[in-house]
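*Asks:* Take a look at the following structure, please.
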């Protein structure tokens, strides 16, 4: 029985990517598309939805930096 190759679309450009060792940047087709996606997350163009809005000051206290 021959196993089928799983194919996915690159989330950045839509090009078909074979899911396997021959595609080291999977699910992306290349390093460029991977870096474009990383940049979108870094610029906060993409984010995981949340019910609450936290700011940096809500999480960290300058009074006791070792507390967290």
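Sequential numbering from 1, following the chain as shown.
Cβ coordinates come from backbone N, Cα and C, glycine included.
I grabbed these lines from Swiss-Prot:
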BINDING   10, 13, 29, 33  Zn(2+) binding site
COMPBIAS  53-68  compositional bias 'Acidic residues'
REGION    45-68  region 'Disordered'
*Asks:* Give the number of CB atoms, excluding that of residue 29 (Zn(2+) binding site) itself, located within 10 Å of its CB.
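*Replies:* Taking all protein chains shown, residue 29 (Zn(2+) binding site) has 21 Cβ neighbours within 10 Å.
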*Asks:* Under 8 Å between C-beta atoms and at least six apart in sequence, can you list the same-chain neighbours of residue 33 (Zn(2+) binding site), or say none if there are none?
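*Replies:* Correct list: 10, 11, 12, 13, 15, 25.
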*Asks:* Tell me which of the binding-site residues 10, 13 sits in the most Cβ-dense spot, judged by other Cβ atoms within 10 Å.
*Replies:* 10
*Asks:* If you take the centroid of the Cβ atoms of 10, 13, 29, 33, the listed Zn(2+) site, which other residues of that chain have their Cβ within 8 Å of it?
*Replies:* 11, 12, 14, 15, 17, 28, 30, 32
*Asks:* On the three-state reduction of DSSP, what should I expect for residue 33 (Zn(2+) binding site)?
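*Replies:* Going by the DSSP assignment, residue 33 (Zn(2+) binding site) falls within a helical segment, counted as helix.
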*Asks:* Provide the three-state secondary structure of residue 10 (Zn(2+) binding site) computed with DSSP.
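*Replies:* DSSP call for residue 10 (Zn(2+) binding site): coil, neither helix nor strand.
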